[in-house]
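S.K.: Got these off Swiss-Prot a minute ago, pasting:
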type	residues	note
BINDING	Gly169, Asp170, Arg171, Gln172, Thr173, Gly174, Lys175, Thr176	ATP binding site
SITE	Ser372	site 'Required for activity'
Amino acid sequence: MDIRPSEISKILKEQIRDFDQKAEVSEIGWVLSVGDGIARVYGLDNIQAGEMVSFSNGVHGMALNLEIDNVGVVIFGSDRDIREGDSVKRLGAIVDVPVGPALLGRVVDALGNPIDGKGPLKATERRRVDVKAPGIIPRQSVHEPMPTGLKAIDALIPIGRGQRELVIGDRQTGKTAILLDTFLNQKPFHEKGAGNEQDKVYCIYVAIGQKRSTVAQFVKVLEERGALEYSIIVAATASDPAPMQFIAPLAGCAMGEYFRDNGQHALIGYDDLSKQAVAYRQMSLLLRRPPGREAYPGDVFYLHSRLLERAAKLNAENGSGSLTALPVIETQANDVSAYIPTNVISITDGQIFLETNLFYQGIRPAVNVGLSVSRVGSAAQIKAMKQVAGSIKGELAQYREMAAFAQFGSDLDASTQRLLNRGARLTELLKQPQFSPLKTEEQVVVIFAGVNGYLDALAVSDVGRFEQGLLTLLRSDHPDLLQAIAHQKQITDDVKDKLIVVLNTYAKIFS
């Protein structure tokens, strides 16, 4: 074997040329104290607020308090294996999560890691969880309907795409059920060959501080009814640390913004923001920030407003996408004047108020029609629904007033009696079993029958049966009528005449 000096020198030259002198520099600090999910860290002098750090055991955290001599870090995970003196490394990044269609059908934690056992995510894009909401110029006023499939809501408290509608009530009044039915109601638009991309609404459910069994049940219902394929579940359950419960809504919102910014439509339900506020209060108190009313920190209003402002309807230059938010707030004994409920009511564009006593009377969904409002929804109602539901709100208000009065007197004149009868039947008509959302055109026909006196002769107990029979008849024998309402989005004179004929015949058969 002969050694050629020229070859050796060539190899050496190549190696010297490829030698990389770059050194990897990372700023490292040390843990001074740790406990209750908060670490005090010394030595990270150049860290920025909200920046991610990594502890020596691989757990991540976020710097929230920047003080003169130390940094307060909240820990995204267990603090059990973190000891005083451990090293902490700056990551130079803000909290971000995976986004995009690859997340549809999956259950992830607050940092976007899959927790459903279906393997790793195939998402390529990532987004920061806490970004600025769209300004005034890119927005457009709410004008497209966001159907929930619930008669009581779509007729009286309509929701539009890009709106923020609060769902508020005590525990066990059916708040999550409203979100669930709204998700299920988007199914027909996602079926093969149904409509165009503009009709599809992608759903995101953020569970904050819920029991794991509750979240599992929610996922199971979506899966059984074929609604999981267009939904994303973000879960920060009761057993997760407070920072995870605090960041989960922001993470879910970032996932929804992906659809909004790509000209698609998304709907996000935060269930519920009271628990996020409690988690934020816990973090703030442990970081020794000064407490305010009900011991919440002073910026808890800003926490919720910056989250809910990210729901928007964008104008055509920005792709016409939308993100609709349905935040949930749990009240204690119907106290709407507590700190968090008043905050969120003032931020949102209306509220759906659910009441325990209505729920126990069997009026479900237990919507209190008098206290519930939708500040922008009427602009998003189709003309057909406006035509039939215009009078129903007034009639129900009069009915409630009279019913309170009628408890005292027995001799009522004919007009009062008529009003009470009509009100009782309309209230019965607005009841709806769970998991059975109705298409808008079917709701229109049913309410048309109620407002035009077709129920007045029936016993209250027969109203439900009348409605079911009418819908079955229309679906089988008169689908053209339903299609006409769906396409024209209004009740033309021609459709009205045909409807009256159908209703007259059906009423005779029914009686």
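Cβ from N, Cα, C; glycine included.
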S.K.: Could you list the residues of the same chain, at least six apart in sequence, whose Cβ is under 8 A from the Cβ of Thr176 (ATP binding site)?
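M.R.: Result: Thr214, Phe218, Asp271, Val328.
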S.K.: Give the number of CB atoms, excluding that of Arg171 (ATP binding site) itself, located within 10 Å of its CB.
M.R.: 10
S.K.: Taking 10 A as the limit, how many CB atoms besides its own sit near the CB of Gly169 (ATP binding site)?
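M.R.: There are 26 such Cβ atoms around Gly169 (ATP binding site).
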S.K.: Are there any residues in the same chain, six or more apart in sequence, whose C-beta is under 8 angstroms from the C-beta of Lys175 (ATP binding site), and if so which?
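M.R.: Expected: Val167, Ile168, Gly169, Asp271, Asp272, Val328, Glu330, Leu354.
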S.K.: May I have the list of same-chain residues other than Gly169, Asp170, Arg171, Gln172, Thr173, Gly174, Lys175, Thr176 whose Cβ is within 8 Å of the Cβ centroid of the recorded ATP site, in sequence order?
M.R.: Glu330, Leu354, Thr356, Phe359, Ala366
S.K.: To the nearest Å, how far is the Cα of Ser372 (site 'Required for activity') from the Cα of Gly174 (ATP binding site)?
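M.R.: Distance between the two Cα atoms comes out at 15 Å.
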S.K.: Could you work out which of the recorded positions (Gln172, Thr173, Ser372) has its C-beta surrounded by the smallest number of other C-beta atoms within 10 A?
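M.R.: Fewest other Cβ atoms within 10 Å, among the recorded positions Gln172, Thr173, Ser372, is found for Gln172.
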S.K.: Might you list, by sequence position, any residue in that chain lying six or more from Asp170 (ATP binding site) with a Cβ less than 8 Å away from its Cβ?
M.R.: Glu330, Thr331, Gln332, Ala333, Asn334, Leu354, Glu355, Thr356
S.K.: Around the Cβ of Gly174 (ATP binding site), how many other Cβ atoms lie within 10 Å? Please give the count over every shown protein chain.
M.R.: 19
